[in-house]
Amino acid sequence: MAKFLRTSGRAGVRRYVDAAAKVLIRIGVSANAVTLAGTAIVVAASIFLLSQGHIFTGLIVVGLSVLTDMLDGAIARVKGTSSRFGALLDSTCDRLADGAMLAGLAYWLLTEERFLACALTLTALIASQMVSYVKARAESLGAECNVGIAERPERLILAGVSVLAESLGVPWAMEVGMGLLALLASITVTQRLFAARASLAASEGRVDA
């Protein structure tokens, strides 16, 4: 269902994103430049806004920068310049942006002496990074593990909702939100490990004990 909603939602805005991509192409902006710019914005917002407690403003800036995830792909698609390095750069920048955002929130929570929320945020950070690592490592070994209940879009939405609720004064918003994010990311890691194990075992013609 989550994938269906993402696909439907992206299809609805694709023509607008493609139009924006064509404008950027005309002025000489590359897909990789958009990727790097979007990442720089997220990192800057994490350092100067989220970590300093300006979480609502930080959320808006980070949310707008997420649009670059669609723009860089659209530029590459329209120009026909998709490349393996571009995909690698995009994935690397995604990990950096996600880590910076959660680290910024964790630092702010630490300064507020909200130690439980800080610990849960750091746990969510580690688990989220592991989601991507397990998939990348499994695929490098020839396994398929494109599964999981909390892929990056779902994790970003959950983090965003948590920050929004916190900015509106909802009690325990970060504790609950980050705890749920850590749990769902950990479940996704487990799902991918089992899927990779099955895929590798099938390719080897056996099932490990």
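Each position is counted from 1, following the chain as shown.
Here the Cβ of each residue, glycine as well, is placed from N, Cα and C on the backbone.
Annotations in TrEMBL come from automatic prediction, not curation.
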Which range of 55-75, 160-180, 181-201 is transmembrane segment, per TrEMBL: 55-75
Euclidean distance between Cα atoms of ASP90 (Mg(2+) 2 binding site) and ASN32 (CDP-1,2-diacyl-sn-glycerol binding site), Å: 8
Neighbour-count leader, CB within 10 A, binding-site residues: ALA33, VAL34: VAL34
Cα-nearest neighbour of ASP90 (Mg(2+) 2 binding site) within the listed binding-site residues, THR35, ASP72, GLY73: THR35
